[in-house]
Amino acid sequence: MTHSSNVGLTCLLNGGENPKAECCSLNVVLVHGFGGHPKSTWSKSTLSTKQDGQRVPDETQTRGRRRYRFHDAERLKNKQANAQGTAIVPIGNASAEGSQLNLAGSASSDTSSKVFWPHDLLGLDFPSVRVMAYGYQPDQEESLQANLLSLSNHLLSTLESERRGVAGRPIVFIAHSLGGILVKKALDLSRLSTASIRNVTKGVIFFGTPHCKPHGKSWGELLKRIPGEFVATNTTLFTTLDSQLNEEELEAIRDVFEKMLSRPSNKKLFVVTFTGAVVGGPAGSTSCPVIPVESARINSSWAKTRTLEGTHETMCEFSSPSDPNYQLLKVELLLALQIIDDGKRKKEKQKLERKDRDMQKQFLVQGEWFPKLLACPYWERKDEPNPPQTEGTCEWFLDHALYKYWRNSYTANILCVSADPGYGKSVLARHVAENVLPSNKSRLTCYFFFNNDYSDQKSVTGALLCILHQVFKDFPADFSPKALQTIIKNYEKTLELFHNFWDILLSVAERRKIKEVLCILDALDESSEPGRGQFIKALGKLHSQSRIKAVRLKFLVTSRPYLDTSSLGHQRVNLHLSGESDRGVGRISEVKFAIQQKAGTLIQKHRLGPEDGDFLIAELCRHPYPTYLWVYLVMEEADNILLNKENIQLKIQKLPQTVEEAYKNILAKVGDAESTRRVLHIILAAQRPLTLKEMSFALAIGPGHKPPGDNKLVPEAKVCNDIQDLCGAFVRIVNSKIYLVHQTAREFLVSSHEPVQPLDTNDDISPTSSSQWKSTFKPQESHQILAEICLERITLSDCRLDQHQDNMETSHDVKGYPLMSYASQHWAEHFRKGDGMHKASIIKTAMDCFTARPLASQAWFGIHQTAGNFYVGPDKPTALALAAYFGLGVVVERLPKDALDTVNERSSGLTPLQWAVRGGHRGVVQQLIAAGADVDLRAEDGRAALHFAAERNDRVLMQQLVAAGANTNTHDMLKRTALHLAAGKGHPDMVQQLLAAGAAANIQDIHGKTALLSAMDSGNSVVVQRLVAGGSDIGIQDTMGQTALQRAAKRGHIDIVQLLMGAGADIRVRDKEGQTALHHAASQGREAVVRQLIAAGSDIRTGDRRDRTPLELAARKRSGEVVQLLVGAGAEINHQDRDGNTALIWVAREVDNDIMQQLIGAGADMGLRDRCGRTAFLWPASLGHLATVQQLLAAGADASVRDQGGRTALDLAVANSRVGVEQFLKSMD
């Protein structure tokens, strides 16, 4: 073979007849060192010479069942040459004629004396691999930095040219000595290319490559020790090894490569460094490693280090397949191929999953999990409690200055509308959501109303889920996979995950696809704690950060006036209405307008004369402070009295003047008081409005009544008429569901004083006068009545699980069995709340549900499981566990003695005590402790009863457990104690109680977090204050190296930041990324925290591990307020990090023209370049942001600038198909 220039790529093995054949599975690219050669670096002599000069093999080895000899390698050469019709072929810049790779190498002219293992050995073991050798000659008159830049660019260009058509084929680099640094530099530069070599590189195998300088030494000292890499010591290449630029360049290459390995997408990148080569000294002398072990290691858990025999020059030379060093290389290549194969399978799987996701998005609304976002079917209920707006009303609100300010604001904003009952708040909220500000192309309007009639419509976190459901329906692409996973997996744990879903809503609102998100929440006063308090606090924080323009999220909230919204802290937030206030004048005129409309309908219906009609309207409008509820009730009353035309005006004058008077009038006319009372008891206790069919069955069960057959129930129409006859306007029937007319009707009936004596007498409890209705309904009695009805329903012998299993998932009824679904899900709750009033026969019926026959054969339990209320694992639940789960103390005390023997056994993962604590059943907890329950036993996830009490924030339960000897420092599988959970949930009283009980404040979980660090998740400053006072170490760092101050700064908890700084927290502490609290605050746009830290003396110019300053991080976050604050405080505006980025370059990449103008005005240098050679002007051209390009040109940016690859802005726009920028730049020529 002829000699060549040995520069460029040479194909050694094609991996098949066609270089681009599908059977070629991998490209292996060999890169020699600076003083090496593309053949001799990888070759080793295998023959010795006898006296007669005849060559014989050094050794023969057994390979499989045959013996390998040198002529096998020769035969392989000839076979491949014949099959390919060519010798070893140069690629790229090597000329076709007379430029085959010089197989003789630089040391010998006899090719038969050496094994060139990339060609001779790899072909036998890896027949489908395409092997290429890259040759180059460094320029001795250029510096090391210049050589690395030019050679890496050349390597990339030749590789990209050769791989056209197979750009996706994976690559494994094998590099010797400084060739490894060249490969790392090339991988860094390749991220600028659209056909990125970096993206397809699956592994790098280094032979003797230094990755970092030894301790106390310089890079120059290390490189000068490597033999053969520098041919002369008087060249520029050699003399620049000790320069500062060389040190910075090599450190930067190391950092970039380690950073690349740390990315999740590169966790399967195969990296191994072969080291251990030594330099042999004279006889009797010692030898020392050329590359110290510490310099051969890469700071990544994914990189391996292996030791080979031989010197630095010979460690990559192999003579036969049995060579121990080659065997090690072979194993690593096999591992690389395995990783590549796994990657291919994963890629195919991801492709299929992506296709599935696309299909899922197309049909997502009909998907199985999508309805799970609905914590309750609120949209189906929106017509039930509140009528639509009457035409001409609500105008007073739309003309109000506070509403206009809220509507027109361009930042996060909140408007709270409070008023007494009956003022039409709910009608107003619905009108704004549906008619005034409905969703359109630039606005997404979400609507939710809380409702005490439904147990599942009281949770604030459930409301957030319903809002996310509405957002996802219109903008599915704005949800990250992580957000979707959080929702799908945890939607049932809404009470525990308010902050998770709140953060998801904020992140979605920050997306640019939605210009504005409006959330209209009605009747917040009917929501449950603790979610309500969390929500109000979150609203206050959102409003305090409303200057952050990235979040245009607005809330309109209505409630009664007794909610404390002072934490929102702004006069433009609260709008309170009362009849006496000036704000109520416009509303009252609209109510009177509604009176005239409704009175006109009555006048026509009853054919009143002009005199009586005018008198009716005048009397109704005479009320000084009318409400919509009063109008409704009075109109119902007037409709009844006008049926008789005698003394019309006298009757009109006697119409009720208050809502309470109207309620009394309605109930005073009741004929069958006992039946009316029973109906109202059922409505008051029901966890959701019952249907007419369900009520029909419920009314048919009672003292002395035998339950009817399901086919013998009273028809719905008759039930509807009967209930209206019994209750009049006190109830409303909408869509076959029965409601009280208003929340105030419940408050009128229900007494807060509950009786304790059982109802075993036959006393007549039915009232006979209107005064006997108010406050006479005891909740305990209401639940006792409904519990008895439910138990009667579920124990009927004609409803069996095996017969009706297919009908259990309907929303209200098991088909053909009215009330069965409701009773199965709620009987135990009613039984528990009615405890103390149950007859002995009812208690026995309840016990029979657990003990009479196997649960699996009982229909009610199957329905209860189907509803997702109780998970039955492989271990069947015991009667004791179920009684504890349901909180039925009366059942627990009556269970047989042998049932109590299971007190410490797990059922579905928890012990009976843990089930009872989880449900908050204090009485049952005390019973179980008395029965010998072990308070420190752990569930399958390691949690003890104490953990559940802390999560519930139930101090009584906590006191019971501590008094029983519970260990306050017991931890779960994540090493979290109860104190961790209480602090993380933001429960200050629980934290204080645990500390007083001896809980250790500084225990760290598996993430290194103490209770104080966990408290940053809730952001409760009182919790932090109590933990600090209780001995929490404010300097402890988690596994990321972050302190409580850093975590608080990152989350924007300004009150906690001030508290910790007052307690002595060190603002200079750095985490593992080298970031201080100021870095964290700036990176998240926390203006108030940044201001506080600057005032406390934080160094605004300090860089993190990548030398990024707070200013750069704020610019990257696009936080104009923080940028302005830092620039004003003296931040170095033209500082460049290790990648060469400045704040201006980050803003150009992230596209924020306002901040860009601000930085340019402050003196930002538009000519500075990053490591890719790109200025702030080149980035938006590459990304296609025309407005930014135009803005920079107007500010004086150089349009002719080129990056390291020699590309102008126009070149980048063309290469990335940025048509708008391309046309604009061409028009400038």
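First residue shown is number 1, and so on along the chain.
Each Cβ is built from the backbone N, Cα and C atoms, and glycine gets one as well.
Here's what TrEMBL has on this protein:
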type	residues	note
COMPBIAS	39-50	compositional bias 'Low complexity'
COMPBIAS	52-62	compositional bias 'Basic and acidic residues'
DOMAIN	413-561	domain 'NACHT'
REGION	39-64	region 'Disordered'
REPEAT	908-940	repeat 'ANK'
REPEAT	941-973	repeat 'ANK'
REPEAT	974-1006	repeat 'ANK'
REPEAT	1007-1039	repeat 'ANK'
REPEAT	1040-1072	repeat 'ANK'
REPEAT	1073-1105	repeat 'ANK'
REPEAT	1106-1138	repeat 'ANK'
REPEAT	1139-1171	repeat 'ANK'
REPEAT	1172-1204	repeat 'ANK'
- DSSP tally for the repeat 'ANK' (1106-1138), helix/strand/coil in that order, comes to 17 helix, 0 strand, 16 coil
- May I have the DSSP-based helix, strand and coil counts for the residues of the repeat 'ANK' (1073-1105)? 16 helix, 0 strand, 17 coil
- Item | Residues of the parent chain within Cβ reach of the repeat 'ANK' (1106-1138), under 8 Å, 6 or more residues beyond its termini | 251-252, 255-256, 259, 547-550, 1073-1074, 1078-1079, 1081-1087, 1090-1091, 1094, 1100, 1144, 1146-1147, 1150, 1152, 1154-1155, 1158-1159, 1162-1165, 1168, 1170-1171
- By DSSP, what is the split of the repeat 'ANK' (1172-1204) into helix, strand and coil residues? 15 helix, 0 strand, 18 coil
- Item | For the repeat 'ANK' (908-940), the number of residues DSSP places in helix, strand and coil | 17 helix, 1 strand, 15 coil
- Note on the structure: Residues in the repeat 'ANK' (974-1006) per DSSP class, helix first, strand next, coil last, are 17 helix, 0 strand, 16 coil
- Message: Mean pLDDT for the repeat 'ANK' (941-973), rounded to an integer?
- Response: 94
